[in-house]
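This report refers to the structure that appears directly beneath it.
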Ligand SMILES: Cc1ncc(COP(=O)(O)O)c(C=O)c1O
Ligand SMILES: N[C@@H](CCCC[NH3+])C(=O)O
């Protein structure tokens with residue numbers, strides 16, 4: 001359905017997610033409910049493995065900010081990918097299930113001293129250095145611990161990705177990474193090479209998120225290759241790995257076309273091969289950091305429809321039992337979603353409605369203008385492509401408990417994150 005591998009209709013005429021009835025899930029676990037299809041996550045990890053890791057001897061690390069909990073770490077571990085973390089909390093989650101630390105890459109534009117210490121003590125595979133302050137801090141900590149660490153340097157490639165302003169990172173005016181054009185990046189390399197504690201392994205860049213154009217990645221590879229050539233010319237130092245970041249776009253609505261991973265990875269890898277050979281550089285290992293692409297289309301949110309308000313000739317508001325607290329993306333980025341009524345999946349879409357959340361904000365609108373079958377209170381709404389940056393960005397706004405997460409796998413279902421309770425809400429109040 002809409003090209004989602006996870007969705008189908010069962011004999012009752014209900015929507016199924018990985019062969020589990022969505023109406024039954026709502027009854028069993030309550031709503032709002034995040035549902036994640038393990039089959040689809042695994043399928044996507046394997047697509048990456050085949051088309052990037054095996055085909056080009058590349059590496060892939062899952063950008064865990066998209067969706068992380070213990071079970072997700074276990075899945076990623078089993079599939080043989082690495083993990084990109086950006087905080088002590090993400091790192092701690094990985095450690096708690098014995099995720100192999102040598103496959104962890106630690107990012108962030110303002111890692112605290114304690115986060116850096118934690119990463120060093122845990123023995124993460126790479127720290128991606130973002131700024132001069134971090135070089136100083138790492139030198140101090142490593143000197144004190146008498147240890148060395150493998151690092152990558154994050155540069156800002158000066159590329160403006162075609163995506164929402166808030167999720168662009170590669171343009172010059174960005175808080176992330178060392179700027180190339182003013183010499184800061186080359187200076188960072190000099191500082192790192194002078195340090196007895198930092199082993200420079202790779203150069204990293206990340207342009208932005210939900211990108212659909214592969215030409216942006218081609219440009220990125222060319223910019224990074226030129227920079228690596230500069231490093232060789234200036235310091236006679238060869239870089240082993242190039243990390244092009246993540247950002248591969250997925251399907252949310254008909255505005256987005258669904259892409260196989262090799263739409264991006266073939267061009268990235270072929271450009272690396274061509275450019276590095278042209279510049280007489282050794283061919284580096286290519287690392288990608290997909291987050292949304294792995295989990296976005298594997299996730300769905302189930303809500304129960306409550307109040308319905310019709311303003312004649314203006315709008316019909318359908319209120320759900322969740323909203324911006326479990327999915328802040330529509331108010332934050334103007335993100336658009338498709339949705340289905342799980343118990344009316346075979347009925348014709350006959351009315352134009354607006355899906356509103358239950359938070360005390362007029363802007364808490366999940367979907368503005370969507371055609372649905374005639375909706376009644378008690379119907380079960382399923383919003384599609386909510387696997388990435390929904391659960392991970394959820395809040396307790398209005399003191400709403402965060403929903404549970406259920407993993408479905410071809411007819412099986414099990415809880416992987418418990419629903420928060422009111423006790424959880426007041427747990428840290430003194
Ligand atoms: C450094 C880095 N790598 C990877 C990602 C993953 O992005 P996405 O989920 O869009 O693939 C991000 C987020 O944009 C990022 O900042
Ligand atoms: N949170 C953003 C993506 C951020 C990517 C992280 N650098 C979104 O939902 O689209």
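Placement of Cβ uses the backbone N, Cα and C atoms for every residue, glycine included.
Look at TrEMBL and you will find 40-295 tagged as domain 'Orn/DAP/Arg decarboxylase 2 N-terminal'.
Sequence annotations record features per position, and here TrEMBL assigns N6-(pyridoxal phosphate)lysine to 65. There are 21 other CB atoms within 10 A of the CB of residue 65 (N6-(pyridoxal phosphate)lysine), with all protein chains counted.
Residues annotated as substrate binding site in TrEMBL: 292, 329, 333, 361, 389. Other C-beta atoms found within 10 angstroms of the C-beta of residue 389 (substrate binding site) number 25, with every protein chain shown included.
Residues or ranges marked as active site, proton donor in TrEMBL: 360. A C-beta separation below 8 Å, combined with a sequence spacing of at least six in one chain, links residue 360 (active site, proton donor) to 398.
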Max CA-CA distance, Å, over listed substrate-binding residues 292, 329, 333, 361, 389: 27
Near ligand 1 by the Cβ criterion (under 6 Å), the recorded positions from 292, 329, 333, 360, 389 are 292
Would you mind reading off the Cα separation of residue 329 (substrate binding site) from residue 65 (N6-(pyridoxal phosphate)lysine), to the nearest angstrom? 14
Relative to the Cβ position of residue 292 (substrate binding site), how many further Cβ atoms are located within 10 Å? 25
